[in-house]
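Have a look at the structure below before the remarks.
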Amino acid sequence: MPFRLLFPLGLLCTLLRLHHGAPGPDGTAPDPAHYRERVKAMFYHAYDSYLENAFPYDELRPLTCDGHDTWGSFSLTLIDALDTLLILGNVSEFQRVVEVLQDNVDFDIDVNASVFETNIRVVGGLLSAHLLSKKAGVEVEAGWPCSGPLLRMAEEAARKLLPAFQTPTGMPYGTVNLLHGVNPGETPVTCTAGIGTFIVEFATLSSLTGDPVFEDVARVALMRLWESRSDIGLVGNHIDVLTGKWVAQDAGIGAGVDSYFEYLVKGAILLQDKKLMAMFLEYNKAIRNYTRFDDWYLWVQMYKGTVSMPVFQSLEAYWPGLQSLIGDIDNAMRTFLNYYTVWKQFGGLPEFYNIPQGYTVEKREGYPLRPELIESAMYLYRATGDPTLLELGRDAVESIEKISKVECGFATIKDLRDHKLDNRMESFFLAETVKYLYLLFDPTNFIHNNGSTFDAVISPYGECILGAGGYIFNTEAHPIDPAALHCCRRLKEEQWEVEDLMREFYSLKRNRSRFQKKTLSSGPWEPPTGSGTFSSPENHDQAREKKPAKQKIPLLSCPSQPFTSKLALLGQVFLDSS
């Protein structure tokens, strides 16, 4: 069945209402209100510990109650936690942090930064907070959401990353110096995810600023990966961005590859781009054919399809959530339940799990409080209402509090076998893990809006709709409002669509009037002639041919607010039944 990006709002919302909140058969589903408050307490224990002991460093070291810079000296935890504050309802702290970030964060520094991590955590976090500012009660400047201090910060950070994309292939280096660009001698080997995880943030940035360079480089990188796939349809783990040759040829859905697949799906939904979805669906066929065994996904050689590593990686646990976004609920639940058995075995997901042996892999026994399985539970619960998914949330809260909680926050679990801890609390714990847990237990959160409420705002380009739902989470769980992409530009192509419709309407109206007059006078009707605006179809076609090539845009797409951008997409994407 062909995939359709355009589908009925009423059907989607009705199905989500029917599925959501179904009680378990024995009535033992965890109490969402109770665990919602537990999750909120977890957040503030970690957040307050960061502020008291680690700010302005990037991250907290919870065992020594101090801080350290990890990804570039951006006060990263504060940026990553900002939209979580609003999701938990803390507008006053959101407003305070916005001011703090403006006063303290500087990207014009001599620091070597990960292009991938800076994009998903910093650019993504700032874009999300910018688009949520009005909802958080921030006094936004004239022209918002097309301007604003957080948007300018996001743009500045993204521009610091652009030199990494200046390669013969268009695929970016993995590291860039924020002051000097790519260092001489920088390794050209980059992981697949580090190349294909930009379209969500960069397309949003291009739409808000009007500068196409960000979306352009992201699309080129995506296409180069697509063109580099093997004859059996798989991509490897690491590639040389100068030559386009694969360096690591292991193919799978986990570390080094994961968010490339994620961004094909989310980019397709965000941009209503059928080509991106078609690319993912082709990959999905190859992944099923060569890597799936009994609802587990193994690692295989990208050219031959032979098994290279029979392991499950904790980063792969995002996959059931991604499957839910394309409507593949049955397969998603089966894989999720496999992963949940591993959680039950250890009280967390080890980084590597040997599937045939049913145990951890040496030196990969840790759990750094990753969010991926919780993320999948949140998506699947929105789609099915299955209480098993709430049970995972309950188990996650209990395990993390019991094993990981210390006086100054929550510590990475170094070894799930004996519960030894490591002196680090990754910023994604507040950006993702806590956020997805809270949203799992908070069915009425504004993030879950089904389009029944919205805000009409006046941008420099006219009225547009925000806050109607359908938020697209980047891979760091920063929600992007898809409607915002249509607030800040009035594409010429879209103007021409409206102009053409108006011409056709008035031409038909004029012709009908002439026809009626001639009929009343019993004279024969003839088409209008002359060189005016509404002349013959031939002249009309010639005028159209003088315009630049047009993108494929739905005929009735509104330049300020397409109808489809109001959809809530947290559970399913519907397939064409025709």
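The backbone N, Cα and C atoms fix where each Cβ goes, and this holds for glycine too.
The following features are taken from TrEMBL:
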SIGNAL    1-21  signal peptide
ACT_SITE  E117  active site, proton donor
ACT_SITE  D258  active site
ACT_SITE  E351  active site, proton donor
ACT_SITE  E372  active site
BINDING   T475  Ca(2+) binding site
REGION    517-557  region 'Disordered'
COMPBIAS  538-548  compositional bias 'Basic and acidic residues'
Rounded inter-Cα distance in Å - the residue listed as 'Ca(2+) binding site', D258 (active site): 10
Rounded Cα separation (Å) that holds between E117 (active site, proton donor) and D258 (active site): 14
Euclidean distance between Cα atoms of E351 (active site, proton donor) and E372 (active site), Å: 12
E351 (active site, proton donor) and D258 (active site), Cα-Cα, nearest whole angstrom: 14
Cβ packing number for D258 (active site), 10 Å threshold: 25
Position of peak Cβ density within 10 Å, selected from the active-site residues E117, E351, E372: E372
